[in-house]
Amino acid sequence: MDFKYRNNGRMASDSDHDMFMHARRSSGPVTLGARLSRKKESMQYNHPKPPLTPNTTSSMPQAIPNPLLPSAPASPPTPAPSPTPHQRSPTSWHLALDDVEDPILEEARNAFRGLDITAKENWLRSLVDECDNHTLSFLHQIVSPRLKKDPFKALPNELCFRILEFVDDPKTFVRASQVSRRWREIVSDDQAWKTLCEKHAYRRMSSDSIGSSMNNSTASVSQILYSQHLRSASPSRILDNMLAIDENPEVVATPYDPVPTTGSRKQRKPRPNTTHRSHFKHRYLVESAWRKGGLMTARHIHPDQGVVTSLHLTKKYIVVALDNAKIHVFNTRGDHQRTLLGHQMGVWAMVPWEDILVSGGCDRDVRVWNMATGASVHTLRGHTSTVRCLKMSDARTAISGSRDTTLRVWDLTTGACTNVLMGHQASVRCLEIHGDLVVSGSYDTTAKIWSISTGQCLRTLQGHFSQIYAIAYDGHRIATGSLDTSVRIWNPQDGTCQAILQGHTSLVGQLQMRGNTLVTGGSDGSVRVWSLITNAPIHRLAAHDNSVTSLQFDDARIVSGGSDGRVKIWDTKTGGQIRELSQPAEAVWRVAFESERCVVMASRAGRTIMEVWDFTPPPEDGDGQAGERSVEIKTPVGPIVDEDMADVEEDEDHKSEMIDAYSTGGEESEGMTD
């Protein structure tokens, strides 16, 4: 009876519904809103009914007993099966071809097209108000992709390059090149990489200057360029991404011609004219190698057991002077070329100029050498005591300062002394030249400004309470370091003291001035970076446990060596320590560096050792050497034992391995044998 009652109830309900729908259809025209409402009701009530579950034990439906307690949680719904290959998601939200659009929806869309923008917005707002969260999420999936626009496709090249001017991270460049062909075309343009080079101040190599002796307070240094955004990047990975970018035919004339080396089985080929992209890649790899890589060549000088008094690194030579009267000339790889013999006592000062070298020492002579041939050109006599400092104003003129309290101006072409500058009351310890002016510092606590052409003393700078050991002069200001622990800044025009920089607690024996920055090193082991605009310290570096024996800096880094036997590299901008360059030694005599090379002269195990660090990236054509090389010189002019590294093949696997080894310091160095 219950079953029949339910059937009758359902049948009655269906009959009433049919009558109701017939009455609505026969009631005449209705509005569009009513049609949409009726369509919604029709979709709501006309769901397909699920099929009945077959029952083999009885033809009558029976209630399925619930085995769970009333408090037990309901079973989770069974997830839908994964789509098969024939049930792919639609690639378009438009109706399929087989679907027939409802006339009511088509009429609504046609009516929507005819509305103005305000009416369209009001209609859409009313529809959105009727949507639940699920429908809104579906709507977002449709609308969001249509609102995305590729700026590099929509904008002209000029505006695209303007956008790239705000990018200063090379990782962003190489990642952008992998977005699409259009992005690759824009990023590969040389103008974009030129802008990035300018942002990082990656100047051309031809404009770099070469570092000189650390025995001189204002040694000339190359322009190494800084980018704090690159520290955490992997050089090999960035290089791989850069290699994927197409080369632009536009090139800039910047030939790189490394100095040919002797004693090596293979020589590096000159780099051809490069684009700004390849130049940026080269400079980036150099910076990365300075931070955590480089190739090291070690040379033992035997049986010379002297103190290294002077070191110069030029474009062609590494020149080392010792207190045993010998001067050793090496090429830039560290291969011994010749020994200059002629001084009778220790050499304490020297200055190179291309192939010319001027040296002086305890024998009171000033000698002029041709480093290409090893010949002694002139022997200049006149000083009556040790020659302590030397400078050259041009290829023909040299100025020497001596413990006999005088300075002498020499004509190197004739070997004649053209002027004797007298006025100091004690030993002349240091001097610097700018144009026709030379500034000398003396143990008489004064500094003097002289005219080279006339030999007259123009100014006397008085103020220090003890001996002056270091001096720097850039044409605009003079800096002097003294045993009284202070550094004074002078105006060369009127000789007035502009500032007194205090902070060191011992002798200030190392000075270098560059632009508005002054770096000082003292016997207290500290290195200080000063601003010459505010005359205040920027960084105070506890660099060494003992005296700072060598100091040089450029825009990117400060390299310091100390009598504690350590060589450290510091960040010029942040003052943080980047790395310790070599293994600790008994003492570090001198350090000199230029853009892609650094030379360390130290004493280790009772022997004088020279380490040449090369930060040049490996050649892309597969010619080159990788890893660290260990060599020893048996005698100053004896044969050189060198172990060439295995050749690197041109396939990408070998190139990648070479770059990784180069960026992490190369292979382990073999032991140096006697």
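Positions of Cβ are set from backbone N, Cα and C atoms, glycine also.
As annotated by TrEMBL, region 'Disordered' applies to 1-91 (among others).
Per TrEMBL, compositional bias 'Pro residues' is recorded for 67-84.
If you look up TrEMBL, you'll see 149-196 marked as domain 'F-box'. For the domain 'F-box' (149-196), the predicted model reports an average pLDDT of 81.
The region 'Disordered' feature in TrEMBL is assigned to 254-277 (among others).
Per TrEMBL, compositional bias 'Basic residues' is recorded for 265-277.
Marked as repeat 'WD' by TrEMBL: 340-379 (among others). Long-range neighbours of the repeat 'WD' (340-379) within the same chain, counting only residues 6 or more positions beyond its ends whose Cβ lies under 8 Å from a Cβ of the stretch, are 212-213, 215-216, 306, 309-310, 312, 314, 316-317, 319, 321-329, 385-392, 395, 398, 400, 402, 408, 410, 412, 415.
According to TrEMBL, the repeat 'WD' annotation covers 380-420 (among others). Through the fold, the repeat 'WD' (380-420) approaches residues 216, 348-351, 353-354, 356, 358-362, 364-368, 426-433, 435-436, 438, 440, 442, 444, 450, 452, 454-455 of its own chain, all at least 6 residues removed from its boundaries and within a Cβ separation under 8 Å.
Long-range Cβ contacts of the repeat 'WD' (421-460) within its own chain (Cβ-Cβ under 8 Å, at least 6 residues beyond either end) map to 216-218, 385, 388-389, 391-393, 397, 399, 401-409, 466-475, 478, 480, 482, 490, 492, 494-495. If you look up TrEMBL, you'll see 421-460 (among others) marked as repeat 'WD'.
The repeat 'WD' annotation in TrEMBL covers 461-500 (among others).
The repeat 'WD' annotation in TrEMBL covers 501-540 (among others). For the repeat 'WD' (501-540), the residues of the chain that approach it from at least six positions outside its boundaries are 214, 217-219, 221, 469-474, 477, 479-483, 485-489, 546-555, 558, 560, 562, 564, 570, 572, 574-575, judged by C-beta separation under 8 angstroms.
Here TrEMBL flags 541-580 (among others) as repeat 'WD'.
Per TrEMBL, region 'Disordered' is recorded for 618-674 (among others).
Taken from TrEMBL, the feature compositional bias 'Acidic residues' covers 641-652.
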Worksheet, complete the sentence: In the same chain, residues at least 6 away from the ends of the repeat 'WD' (461-500) whose Cβ sits under 8 Å of its Cβ atoms read 217-218, 426, 429-435, 437, 439-449, 506-513, 518, 520, 522, 530, 532, 535
Discussion item. As a quick check of your reading of DSSP, tell me how many residues in the domain 'F-box' (149-196) are helical, how many are strand and how many are coil.
Written reply: 34 helix, 0 strand, 14 coil
Discussion item. For the repeat 'WD' (501-540), how many residues does DSSP put in helix, in strand and in coil?
Written reply: 0 helix, 24 strand, 16 coil
